[in-house]
Amino acid sequence: MLNRIDLRGGARDPRRLLPRAQLDVSVAVERIRPLVEAVRDHGYPAIREASERFDGVSPERLRVPVETIRAAEDELDPQVRAALLESITRARKVHADQRRTDHTTTVVPGGTVTERWVPVDRVGLYVPGGLAMYPSTVVMNVVPAQAAGVRSLVVVSPPQKDNDGLPDRRVLAACALLGVDEVYAVGGAQAVAMLAHGAGVDPAGDERCEPVDMITGPGNIWVTAAKRLLRGVVGIDAEAGPTEIAILADDTADPAHVAADLISQAEHDPLAASVLVTPSTALADAVDGELARQVPAAKHAERIGTALRGEQSGVVLVDDLEAGLRVVDAYAAEHLEIQTENARDWALRVRNAGAVFVGAWSPVSLGDYCAGSNHVLPTGGCARHSSGLSVQSFLRGVHLVEYTQDALREVAPHVVTLATVEDLPAHGQAVSVRFPGGGPS
Ligand SMILES: NC(=O)c1ccc[n+]([C@@H]2O[C@H](COP(=O)([O-])OP(=O)(O)OC[C@H]3O[C@@H](n4cnc5c(N)ncnc54)[C@H](O)[C@@H]3O)[C@@H](O)[C@H]2O)c1
Ligand SMILES: N[C@H](CO)Cc1c[nH]c[nH+]1
Ligand SMILES: [Zn+2]
């Protein structure tokens, strides 16, 4: 079922040969540019028009009334509530440990630099809701933002035809459980544009959506493209687009588990990527057999099949696990599972991955919901340079520079020299002017 890419016996550049989708984010950026500009220029009418076009529904009032958010929590199935609370508790534990403390370095006596960690003021959190509903993503966005101390949080999520144009009820309930009360029924590129530019006054609700300073959260290729386009107007986290799973496995892996994990992430999107990297043709054959058995029985067999057959998915055959490690590093998957003997040893050598899932009992699905780790992770190779969402994503480090007169006098000649070298003498003068005699005061 999976395409096979045979990298055995050669030193070919794996980066060029690895499976990746042709419809990449840069193509999508050009397609959504007019929509983003329309939202910037016209606000609510452009948002409504896009919602009608892409979601087939647009509520009268885009802001979800606070009573509706609370009612969603009241109506929440007790089992779902318990699962969400467990997810929140575990995520809070891990994210609390990510908090930063301010630190002062004494550079010289009388000269200090303090690094202050200041939360972003207002943040927009995208919660997807096209092919699947994502209350778990409310948790993964909100928990680190709250742990960082962000004061103003706004959630956007697509309007649902079967919920009167409101976001999914479970998404609203998760917002209530976390104490978020500013929620808009908007999805896709139009939601990202609305967060970045604000949306003036809603004629139906008489409210104004103020622009945010930063947008985080995952989404499909259109959401990801809008985030890339608007980076700079606002801050964004990593690009967290269509889901990817890579599995580095050897003969010790259970083919039924490997296949189930590949399927689990293919379930997100026809553009999702599932890649197995292995030196074992026996395992590759057995996984193919399992896929043939498991996919037709899956609820979302059609989009899973599309994702698995797509050019972005496949089995990569390698000479040995050392070569496999080079391949997974070159691929830089959003999620990487290591299902090998001595899995932890291999996992500790991985350099490029959004998150690494170690051994037979740590599947990606655990991390999606209840491991305590964050599931908003970089895709499309961005794990080479970016991290998953964390408390750090919502903080800015601000240096506080404090020198006494003596400490400045001591270093003044060096400042003047460097300013002269750069032909910026006014910089040097701004220091010299403070010491007219040059000597001690
Ligand atoms: N990387 C991560 O951390 C991570 C985490 C969770 C989910 N995901 C991914 O998020 C995605 C969720 O996708 P989804 O479709 O279910 O929900 P979504 O909310 O991301 O996308 C649905 C929205 O897309 C908009 N849309 C559709 N076509 C458009 C177009 N041409 N232009 C502009 N907007 C358009 C619609 O208006 C709709 O509101 C999946 O790809 C999944 O794999 C990634
Ligand atoms: N696997 C997704 C991250 O790419 C996260 C998720 C949410 N719900 C289920 N899965
Ligand atoms: Zn998932």
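The backbone N, Cα and C atoms fix where each Cβ goes, and this holds for glycine too.
Residues or ranges marked as active site, proton acceptor in TrEMBL: GLU334, HIS335. The NAD(+) binding site annotation in TrEMBL covers TYR126, GLN190, ASN220. Residues annotated as substrate binding site in TrEMBL: THR243, GLN265, HIS268, HIS335, ASP368, GLU422, HIS427. The Zn(2+) binding site annotation in TrEMBL covers GLN265, HIS268, ASP368, HIS427.
Where TrEMBL records a feature, it is marked here on the structure.
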residue	record	DSSP class
TYR126	NAD(+) binding site	strand
GLN190	NAD(+) binding site	helix
ASN220	NAD(+) binding site	coil
THR243	substrate binding site	coil
GLN265	substrate binding site	helix
HIS335	active site, proton acceptor	strand
ASP368	substrate binding site	helix
GLU422	substrate binding site	coil
HIS427	substrate binding site	helix
Sequence-ordered, the recorded positions among TYR126, GLN190, HIS335 whose CA is within 10 A of the CA of THR243 (substrate binding site) come to HIS335
Of GLN190, ASP368, GLU422, HIS427, binding-site residues neighbouring ligand 3, Cβ under 6 A: ASP368
Could you check which of the recorded positions TYR126, GLN265, HIS335, ASP368, GLU422, HIS427 have their CB within less than 6 A of ligand 1? none
Those recorded positions in TYR126, GLN190, ASN220, HIS335, GLU422, HIS427 whose CB falls under 6 A of ligand 2, listed in sequence order: none
Calculate the distance in Å between the alpha carbons (Cα) of GLU422 (substrate binding site) and GLU334 (active site, proton acceptor), and round it to a whole number. 43
Return the single residue from the binding-site residues list (HIS268, HIS427) that has the minimum number of other CB atoms within 10 Å. HIS427
All-chain count of other Cβ atoms within 10 Å of GLU422 (substrate binding site): 10
Give me the long-range Cβ neighbours of ASN220 (NAD(+) binding site): same chain, 6+ apart, Cβ under 8 Å, in sequence order. PRO128, GLY130, GLY188, GLY241, PRO242, ASP269, LEU271
Enumerate same-chain residues with a sequence separation of six or more from GLN190 (NAD(+) binding site) and a Cβ-Cβ distance below 8 A; give 'none' if the list is empty. LEU35, VAL36, VAL39, ALA46, ILE47, ALA50, SER51, PHE54
Fill in the CA-CA distance, GLN265 (substrate binding site) to HIS335 (active site, proton acceptor), as an integer in Å. 9
